[in-house]
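> So that we are looking at the same thing, I have put the structure below in structure tokens.
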Amino acid sequence: MPHSHPTNTSLWELHLMGIPGLQHLHHWISIPFCIMYLVTLAGNSFLLCLIKADPSLHLPMFLFLSMLAVIDLVMSTSITPKMLSIFWFHSTAISLDACLTQMYFVHAFSAMESGVLVAMAFDRYVAICNPLRYLSILSSPVVAAIGLAILLRAVVFMSPLTFQIRRLPLCGPAVVDHSYCEHMAMLKVACGNAAFSNTYSLSVSTCVVSFDSLLIALSYSLILRAVLSLSSPQSCWKAVSTCGCHVCVMLLYYVPGTVSIYAQQFGSGVSVHARVLLADLYLTLPTMLNPIVYSMRTKQIRQAALKML
């Protein structure tokens, strides 16, 4: 596996290291990642087919869940096949354009996933606090508009990351100490002034996570206030349980994601292989667990799955 290349002012091919320092364990490390990817493909694809086939699932909640499943499929597929080719065949080479495309997909779809989680929190707020107006508030045009807004926000915020890397001169060694083309790892290959790109990346990540977390917290505080006003404990528990799977998915996304972002930025005391493994798990583990969590905790999905099977 190459570790150094001649210094160039313009590089058209890069080399991904996989898990730096753990190359001798790549074949073993590949096993859980391969299993997670197969479960991700099967789980999210089955969920999409289920929602499409069952008319009882044609509700805003499940339309947002469909968006989440599509995002998980694209994000996982954008990194895992290349990661496995590194682990299995030492296929480290990747063209600069392919690397930038992968980087864009990773960051843009991460922002989309955060936006969908906000939309799902709003959906739960409407369902619990305004149940009689649920379908009128979250009509099909409104759901489509929310999906378009999520897409446009990701494109507007994340496109500059790719353009900033593209305009920077990249020079050798053409080695990216990562399993995929992550923005901070790419900046280490740049020999120009990358301070603005670094600041922009951290600022956008912090703003997206903070703003979306604030909106989700606001939704759940309003839900909690409405639930506590219910006189029946059974009704209170039923209302809370409808939010349980969304809370689990939210924690799966934001907790490791936040730790990974700041470990990449400020984790000089954390080993490189630990940071890379954390970043890999942040993108692969939630995409596998999301359909499992929703299938186990959502009664309508369980019933629809049993009916289909």
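Cβ atoms are placed via backbone N, Cα and C, with glycine included.
Checked TrEMBL, it gives:
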- 25-50: transmembrane segment (TRANSMEM)
- 43-294: domain 'G-protein coupled receptors family 1 profile' (DOMAIN)
- 62-84: transmembrane segment (TRANSMEM)
- 104-122: transmembrane segment (TRANSMEM)
- 134-156: transmembrane segment (TRANSMEM)
- 202-224: transmembrane segment (TRANSMEM)
- 236-256: transmembrane segment (TRANSMEM)
- 276-294: transmembrane segment (TRANSMEM)
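Quick one: how deep are these features, and who are their neighbours?
Sequence-distant neighbours of the transmembrane segment (25-50) (same chain, 6+ residues past either end, Cβ-Cβ under 8 Å): 18-19, 57, 65-66, 69-70, 72-73, 76-77, 80-81, 83-84, 86-88, 280, 284-285, 287-288, 290-292, 294-295, 301, 304-305, 308.
Long-range neighbours of the transmembrane segment (62-84) within the same chain, counting only residues 6 or more positions beyond its ends whose Cβ lies under 8 Å from a Cβ of the stretch, are 16, 18, 30, 33-34, 36-37, 40-41, 44-45, 47-48, 51-52, 91, 94, 102, 105-106, 109-110, 112-113, 116-117, 119-120, 123, 143, 147, 150, 179-180, 249, 280, 283-284, 286-288, 290-291, 294, 300-301.
Using a Cβ-Cβ cut-off under 8 Å and counting only residues 6 or more beyond its ends in the same chain, the transmembrane segment (104-122) has close neighbours at 61, 64-65, 67-68, 71-72, 74-75, 78-79, 146-147, 149-151, 153-155, 157-159, 161-162, 180-183, 208-209, 212, 215-216, 219-220, 246, 249-250, 253-254, 257, 283.
Under 8 Å from some Cβ of the transmembrane segment (202-224) lie the Cβ atoms of residues 111, 114-115, 117-118, 121-122, 124-125, 128-129, 157-158, 161, 239, 243, 247, 250, 254, 257-258, 261, 265, all in the same chain and six or more residues away from its ends.
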